[in-house]
Amino acid sequence: MKTIIINGVQFNTDEDTTILKFARDNNIDISALCFLNNCNNDINKCEICTVEVEGTGLVTACDTLIEDGMIINTNSDAVNEKIKSRISQLLDIHEFKCGPCNRRENCEFLKLVIKYKARASKPFLPKDKTEYVDERSKSLTVDRTKCLLCGRCVNACGKNTETYAMKFLNKNGKTIIGAEDEKCFDDTNCLLCGQCIIACPVAALSEKSHMDRVKNALNAPEKHVIVAMAPSVRASIGELFNMGFGVDVTGKIYTALRQLGFDKIFDINFGADMTIMEEATELVQRIENNGPFPMFTSCCPGWVRQAENYYPELLNNLSSAKSPQQIFGTASKTYYPSISGLDPKNVFTVTVMPCTSKKFEADRPQMEKDGLRDIDAVITTRELAKMIKDAKIPFAKLEDSEADPAMGEYSGAGAIFGATGGVMEAALRSAKDFAENAELEDIEYKQVRGLNGIKEAEVEINNNKYNVAVINGASNLFKFMKSGMINEKQYHFIEVMACHGGCVNGGGQPHVNPKDLEKVDIKKVRASVLYNQDEHLSKRKSHENTALVKMYQNYFGKPGEGRAHEILHFKYKK
């Protein structure tokens, strides 16, 4: 048993933990910047978490273990002076222009500057930002005038993806962050997943914005602008309007999109149901033809880049069904014009995504037909929130409305795509019905749900048993492959999501304060919104979506055949 005193209060504990964690667990506030829970920074130390230990002096709380007899002061004059001095030093390398900054509402550094009344000794105000800003990537933007060199992006990349694509670099004697040899991230092993952006406490890292594309289209009279949001957006955007975590705001988003001026409001959940129609059909065909196995999902562009960069031998095993975003985009330029009488050239398709890698996917050269892009612009959850705020739309007070029916209806299977295991479960619901030519009532595959890194299950289809696996996060895919598990048994179907927790934890989602992350399992809470929708929808299988059935009957024909196979599939190659 250890006895310690913090700010005059005695605690008894058996824990072996750091001063920072123990203090926060006991509601004692200690400021921090470089520290992220479960992602400790062993590269750069910001020293913002400095505390004073009697007999020892000033120490950093994030990496100093508590010891019996410690007397700790978190708010002494020496502590406050040290922290203020460090913040002032950081201000000397940080462009302190908060007005136009996209992080001004949730900038962790700004809060520290205000709290400690810090000032720069020599303000950093570059006249020409060209050498500091890297916008070459289709997904990510780096603004080094904002970078504090805290190392959170480097550590988050290493822990969450194990690609170590984000690095500290030496440029003319100065330390910067970037890709190896200052290459464009797209030309490296980077997954473009955006976990580095989520980790960044300031605006040094952000998504490549498509907002100007969208605004220009909305202001072009000849353009018919349609929009569709991904499943996870409805589970998170409320956080950016002070509505708390885990609030379903589907109807409010539809209303806000109409007020922004979009001509038609559809839903990517419809695209998810389309993907399942094709993917489940493909799985059944492989079962009937005895392979090739395993079939991997292909709807996560971060995972696709991981396969391309590290395991190109697996590309032939990826499902050829387009992702919900791309398959929706294809339908928006073919089926939708056929029922609306519009010229496909005038249809401008926008998606709202929780993912930065979706921007890269949408801009792949092959993702077009007859010169028309499947998707014209991709905005993240954060970008949509900014558009709503810029338009002064009172989001939290909006009445709910519905999506437009032609491509806005969706099933519970489409809704759960945003959670790890959701694609697997949705596909199995339809594949089992297709293979057994029945409408089965037992539709929940809870063994593939949850946040474990590698989940396995055995499913029965037509009295035969099939092995499936769900890989939760890019780092766990590396573990799965390096362990040899893929060769230990015959897997038939494997889902992979690059981001831990799935799309609900994507790189385009709202920033969450690290202190909140220590208290709230954000992945679980956001996913609960999707599972709740699934549970309460009358149609819980993709092939029960009446608007989808109508589309196949009147335009695409049978899933996996003819026109459907020709334009709703894309084969990734080495």
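Every residue gets a Cβ built from N, Cα and C, even glycine.
Source: prediction; values computed, not measured.
Swiss-Prot names CYS147, CYS150, CYS153 as [4Fe-4S] cluster 2 ligands; from the candidate set CYS101, CYS193, CYS200, the record adds CYS200 to that same site. In this structure the C-alpha atoms belonging to CYS62 ([2Fe-2S] cluster binding site) and CYS190 ([4Fe-4S] cluster 3 binding site) are separated by 28 Å. Counting only the Cα atoms, the space from CYS34 ([2Fe-2S] cluster binding site) to CYS300 ([4Fe-4S] cluster 4 binding site) is about 29 angstrom. Cβ-based crowding with a 10 Å cutoff singles out CYS503 as the top-ranked of the binding-site residues CYS46, CYS190, CYS503. Ranking the binding-site residues CYS98, CYS499 by how many other Cβ atoms lie within 10 angstroms of each Cβ puts CYS98 at the bottom.
Nearest by CA distance to CYS200 ([4Fe-4S] cluster 2 binding site), out of the binding-site residues CYS49, CYS107, CYS190, CYS193, is CYS107.
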